[in-house]
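According to Swiss-Prot:
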- 21, 23, 25, 27, 32: Ca(2+) 1 binding site (BINDING)
- 57, 59, 61, 63, 68: Ca(2+) 2 binding site (BINDING)
- 94, 96, 98, 100, 105: Ca(2+) 3 binding site (BINDING)
- 130, 132, 134, 136, 141: Ca(2+) 4 binding site (BINDING)
- 8-43: domain 'EF-hand 1' (DOMAIN)
- 44-79: domain 'EF-hand 2' (DOMAIN)
- 81-116: domain 'EF-hand 3' (DOMAIN)
- 117-149: domain 'EF-hand 4' (DOMAIN)
- 2: N-acetylalanine (MOD_RES)
C-alpha cells in the first residue's frame, strides 16, 4: 500500500510525523495522530481516527511507528482518489450541470457507451438509484449506487 506513494509524499509525511514525535523515539501516540493528519490536509472524524488507529496499532500499545503511519496515509489517500473519480463520473452523466441525472441524460451517456437501453431499462435504472423518488438521480444517490457495485 505505502509503495504507491511518491518520494515527495513520503518525505512530507516523514516531516509531519517527526514534528509530533516529541521524544524522537520513532513513534507518535494515538492522540497526536489526529493533529498530524490535519496538518497534512486530511480531516478525519473522531470515529475515523479510532478505526484507523485500531487497524494500525496492532499491539494496542497506543503508539504508531512511521511504517504503520505510511500505510494508513496511503489508504486514506486512495479513498479520496475514488471520491474524486465518482465526482468526475457524475459530471459526465449530468450534462446540463443542474446537479441531477435525468432519464434522458442517463440514456444519452449509456448510448454513447454502446449500451442501447429501452425506455423500461432506463426507468428501471433510475428507480433503483432514486432513493427520494423524484424521478432523477442526485449526487448522494449516485454515490450510493457506485459504492454498492
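Even glycines carry a Cβ here, placed using N, Cα and C.
These figures come from a predicted structure and were not determined experimentally.
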Determine, using Cα-Cα distances only, which of these binding-site residues is closest to residue 61 (Ca(2+) 2 binding site): 25, 94, 100, 105, 141.
25
For residue 96 (Ca(2+) 3 binding site) and residue 130 (Ca(2+) 4 binding site), the CA-to-CA distance in whole Å is 19
Sparsest Cβ surroundings (other CB atoms within 10 Å) among the binding-site residues 21, 59, 96, 132:
59
Beyond the flanks of the domain 'EF-hand 3' (81-116) by 6 or more, those residues with Cβ under 8 Å of it
122-123, 125-126, 135-139, 142-143, 146
Same-chain neighbours of the Ca(2+) 1 site, Cβ within 8 Å of the mean position of the Cβ atoms of 21, 23, 25, 27, 32 and not counting those residues, run in sequence order as 20, 22, 24, 26, 28, 29, 63
Inside 10 Å of the Cβ of residue 61 (Ca(2+) 2 binding site), count up the other Cβ atoms and send me the figure.
10
At 10 angstroms around each C-beta, which of the binding-site residues 32, 105, 130, 134, 141 has the fewest other C-beta atoms nearby?
134
Rounded mean pLDDT within the domain 'EF-hand 4' (117-149) lands at 86
Quick one: among the binding-site residues 27, 98, which has the most Cβ atoms sitting within 10 Å of its own Cβ?
27
So what sits near residue 136 (Ca(2+) 4 binding site) in its own chain, CB-to-CB under 8 Å and at least six residues off in sequence?
100, 101, 102, 103, 126, 130
I'd like the Cβ neighbour count for residue 25 (Ca(2+) 1 binding site), meaning other Cβ atoms within 10 Å of its Cβ, all protein chains included.
9
Determine which residues of the same chain, besides 94, 96, 98, 100, 105, have their CB within 8 A of the center of the CB atoms at the recorded Ca(2+) 3 site, and list them by sequence.
93, 95, 97, 99, 101, 102, 136
